[in-house]
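*Asks:* Just dropping this structure here.
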Amino acid sequence: MTENEGRVEICCSRRWSAICYDGWGRIEARITCRELGFRYGAPADHGRGSGQIYRPSFSCDGHETHLQYCPFSAYCYSPEDAGVICHSSQCNETDVRLVDGQLSDANGRVEICYNGLWGSVCDDLWDAQDAQVVCRQLGYVGRLTISGRINIATLDLECNETDVRLVDGLTPHDGRVEICFNGLWGSVCDDLWDARDAQVVCRQLGYDGYLKCNETDVRLVDGRLSNANGRVEICFNGLWGSVCDDLWDARDAQVVCRQLGYVGLSISLRRYPVLTNELSLFYHLDNVYCRGDEDRLSECEH
């Protein structure tokens with residue numbers, strides 16, 4: 001690690017705390033680096049630190065000037081901490097260049113621009129066809145291959161044909177679908193994309209199915225007595241999330257019960273404790289204020 005890269009920590013209650021790698025991407029890295037005085041930044045994985053108690057995960061939209069203004073969750077799935085590589089120069093995505101050439105500008109080690117940073121290409125499976133593509137991209141007609149292993153390689157373009165993966169998700173189990181084609185990862189267009197397509201992807205990744213919920217639906221979970229009690233969750237952006245109990249009262253509970261089809265029943269309120277090792281809590285709503293006559297919780301102020 002150097003002065004422009006490393007694991008990111010944030011000051012919470014006068015103590016430095018690491019940041020969860022869940023959801024950590026280019027937007028969060030760029031905001032962090034700008035806050036530190038750099039122009040550009042890229043996400044990096046620098047492993048896990050020690051001694052942290054509070055590891056929030058952030059999800060920025062790109063308009064924030066400081067990381068503290070980004071929405072965040074107190075729950076962390078990833079065992080890794082967020083890191084960044086900051087820099088003040090920029091390269092164009094997927095550009096290539098030759099560096100450290102001893103004969104001329106037309107030879108050298110191949111580097112490619114990825115996430116705004118130049119990185120080497122691993123020589124596993126590298127052959128004349130790969131070199132031909134690089135030379136063509138640089139405007140040359142012929143090719144020149146370079147022997148010898150490159151120990152500082154930071155990028156490997158090889159993937160198995162038709163493999164799929166999920167990227168940029170909040171957890172390892174969700175995200176944007178990418179498929180390997182001609183040895184490169186690429187996104188899948190959402191034209192005509194439906195539940196059956198999602199089912200196939202999930203099955204290929206080893207899951208039994210996919211999780212889906214209807215926007216602004218509510219449900220009760222973790223109830224010990226019956227299905228008519230439990231912690232309130234609401235669906236936003238296709239994901240179930242918890243509702244913070246700040247300002248929560250009987251009128252808010254009445255709206256939830258009405259939305260679930262319960263009428264004329266007695267209502268009791270219970271606050272569920274937040275456990276740092278609980279894996280299902282994403283807060284979608286906070287400071288909920290209902291008049292009591294709303295039909296859906298999403299209609300209440302929050």
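Glycine is no exception: its Cβ is also placed from the backbone N, Cα and C atoms.
All annotation found in TrEMBL is predicted automatically rather than curated by experts.
Okay, so TrEMBL annotates it like this:
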type     : residues      : note
DOMAIN   : 1-87          : domain 'SRCR'
DISULFID : Cys60-Cys70   : disulfide bond
DOMAIN   : 96-203        : domain 'SRCR'
DOMAIN   : 218-302       : domain 'SRCR'
DISULFID : Cys290-Cys300 : disulfide bond
*Asks:* Taking only same-chain residues 6+ apart in sequence, whose CB is under 8 Å from that of Cys290 (disulfide bond), what do you get?
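*Replies:* Counting only residues 6 or more apart in sequence, the Cβ neighbours of Cys290 (disulfide bond) under 8 Å are Arg251, Asp252, Gln254, Val255, Leu297, Glu299, Cys300, Glu301.
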*Asks:* Please spell out the DSSP helix, strand and coil residue counts for the domain 'SRCR' (1-87).
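*Replies:* Secondary-structure composition of the domain 'SRCR' (1-87): 13 helix, 29 strand, 45 coil.
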*Asks:* Which residues, sitting 6 or more apart from Cys70 (disulfide bond) on the same chain, put a CB under 8 Å from its CB?
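*Replies:* Set apart from Cys70 (disulfide bond) by at least 6 residues yet with Cβ under 8 Å, we have Glu28, Ile31, Phe58, Ser59, Cys60, Asp61, Glu64.
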*Asks:* Would you mind checking how many other C-beta atoms are within 10 angstroms of the C-beta on Cys60 (disulfide bond)?
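*Replies:* I get 22 for this one.
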